[in-house]
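A.B. asks: Quick one: structure below, then a few questions.
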Amino acid sequence: MKKLYTSYGTYGFLNQIKINNPSHHLFQFSTADSSVIFEETEENTVLKSPSIYEVIKEIGAFNEDHFYCAIFIPSTEDHVYQLEKKLISVDDNFKNFGGFKSYRLLRPVKGTTYKIYFGFADRQTYEDFKNSDAFKDHFSKEALSHYFGSSGQHSSYFERYLYPIKE
């Protein structure tokens, strides 16, 4: 099964990993407070101590020139089956939105926080999608909140923006 491995750190540290491993498909982005690098592969990763997710639904390919939103969706053991079933069954007509590039639904290898990556041409086209009924009905905090479990989990749903690195 294909997996997505992610690590956060400084730009220089992560960029050195990328430079030293040209045979691996490593993608590096800038976040609000650090950099992130990830590798999507069925092989072993070069990343040390990454977060590991299984890719359970995918559309399109990753590209370092695109903007990404990573949505972290908390759940509990009691709700993961229903959450996963709902997210897998979502009609992927969102791919018809202007600027849409890619999508990944990810199951955690450890824990119960699922992750979704939406790739768009830029942040504005993602924000347009985020204001759509498709997003509000299927991917918003409100749409998914009954899969979170205890009320303390609600604050754990969050988005992290990944920006292309301009050198």
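Residue numbering: from 1, along the chain as shown.
From the backbone N, Cα and C atoms, a Cβ is placed for every residue, glycine too.
From Swiss-Prot, for reference:
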type	residues	note
DOMAIN	67-158	domain 'ABM'
MOD_RES	His66	phosphohistidine
MOD_RES	His79	phosphohistidine
MOD_RES	His154	phosphohistidine
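For the listed features, I'd like the structural context: burial, neighbours, distances.
C.D. replies: Secondary structure from DSSP puts His66 (phosphohistidine) in coil. The Cβ of His66 (phosphohistidine) has Lys101, Ser102, Gly119, Phe120, Ala121, Pro164 as same-chain neighbours under 8 Å, each 6 or more residues away in sequence.
The Cβ neighbour count for His79 (phosphohistidine), using a 10 Å radius and every protein chain shown, is 18.
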